[in-house]
Structures are given as structure tokens and as C-alpha cells.
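Here's the structure, in C-alpha cells; my notes come after.
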Amino acid sequence: MLSQLINLNLFAFLLIFARLGVAFSVMPGFGSQQVPMPIRLTFALLVTLVVTPVLQPILPLEPATTSALALLITSEVLTGAFLGMIPRVFLGALQTAGTLMAMLASMANAFVMDPVAEQQSSILATFLSTVAITMIFVTNTHHLMLTAIVDSYSIFVPAEGIVVADISEYFARIIADSFRIGVQISSPLIVAGLAYYVGLGIMGRLMPQLPVFFFGMPIQIAMQLALFMLSLSTMMLVFLRFFNDNLMSFVPSWG
């Protein structure tokens, strides 16, 4: 009896770790390449150890065959990857906003390494992503991400399979929502940039001898950066509200 209990606990631990470990390796902040791998692995193991006694009663029994066990673990790994990718898609809204604003501020070719996206991004997109991930941890929103993963067991019950059509539809919807929020966040600079370009064009037509492009770009950069600084707090509030509202759908216990 004792050996069966030990095996059941080990099976439950490994099954939960398959979902949580993959989710933490993909999730922004927790799965960042800036965090050493041993720290990420230790964190995932500790969280799994804490939640295993709570989640063990809802887990299925250990499959009798190796193929069934492999299929169950694969399903949990895919579920963890899906849950970890969701916050990254939300952060894509800031990539969209930063890229649009950089184009309007004549800084589209100024690329730096983005530690959040882990790729080369425009300087404004990198700044927005860094501020956003900082705000997520400062405001304890990362607790919501952790709770969403744990509560996901009431939505994606192990051994019940993954509905690929629903997941694909959900991803398509949040990608569209992220793009929409990105455009909304950058809308102040879009409006100001278009108005400035129209004014510059009119001035160029009225005074052809005036070198508008000579003094136009420095004014444009200064104006857009000033407007960016004034709008930054509102941008972060809009993003955090969007981030929280979408994650709350995975937290039935907070409903």
C-alpha cells in the first residue's frame, strides 16, 4: 500500500510538473533567457511541490500502458505551452505599439536587443516591453499568472484531451485583440504624426524654397518623444487592464 501511495505521488508530481514546467519556461518573466536555467528549473519544481497535494485528487490514475502514459504527458506539455504562450501574445500588443510609434518618430531603424521578446526590436518597443514586464511584477500581476496556471486544471482537466479547434480560435482572437490594443496604445502618436506630416506637406507646398525635411525630422523626433513620455502612464494602465482582464478568464476561483 505504501509503495502504491509513493508511486501515485511521484506520478502526480511528474504530471503536474509536465504542465507547470513547460508553462514557466515559455511564460514572459519566468522563462526569460536572462534568468539562469537552474533558477527557472528550481522555481518550477518548488511550485509543483507546493501545488501537488492540492491538485492530486483531481488527477487521473496512472495509465496501465507506456503509450497511454506518454500520450497523457504529451497532452500536459502541450497544455503548458499553450498557457505559457498566452501572456507572450498579450505582450505582443506592446511590440505592435512600439513599432508603430518608432516608425512615426523616424526611429524605425533604431534596433536594440529586447530582453523580453528575446530578439531585435525597435527601441520604443523594447522600452515598452521592459516597462510592462517590470509593472507586471511590481503590481503583483505575476500572481495572477501563477493562479491562472493552477486553476487551469479546472478548465483543462488532465486525460480529457485538448480541443485543438477551440485553442486555435482562442489564439486567433487574442492575437487580433493584441493588435487592436497595440494600435489603441499608439493612437496618440499616430494622430500627432499624421497631423504633423500634413502640416509639413502644406508648408512645403506653400514655401517650396523652405527645406522642410532639414528641420522637420528633429522637430518630429522631439515632438513624438515628448508625447510618448506624457502618454506612457496611460499606455501602461491600458495594457495592464487588458492583461488582467484576459487572464481572469482562466481564474474561476477569483470570479
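Using the three backbone atoms N, Cα and C, a Cβ is placed for every residue, glycine included.
Note: TrEMBL annotation is automatic and uncurated.
Checked against TrEMBL, the range among 65-83, 141-159 recorded as transmembrane segment is 65-83. Most Cβ pairs under 8 Å to the transmembrane segment (119-138), among the stretches 6-27, 65-83, 90-113, 189-207, belong to 90-113. The stretch with the most CB contacts under 8 Å to the transmembrane segment (39-59), chosen from 6-27, 90-113, 219-240, is 6-27.
Of the candidate ranges 6-27, 90-113, 219-240, 6-27 contributes the most Cβ pairs within a distance under 8 Å of the transmembrane segment (65-83). Panel annotation: around the transmembrane segment (6-27), residues 40-41, 43-45, 47-49, 51-52, 55-56, 59, 61-62, 72-73, 76-77, 79-81, 83-85, 87-88, 145, 149, 152, 158 of the same chain, lying at least six beyond its termini, place a Cβ under 8 Å from a Cβ of the stretch.
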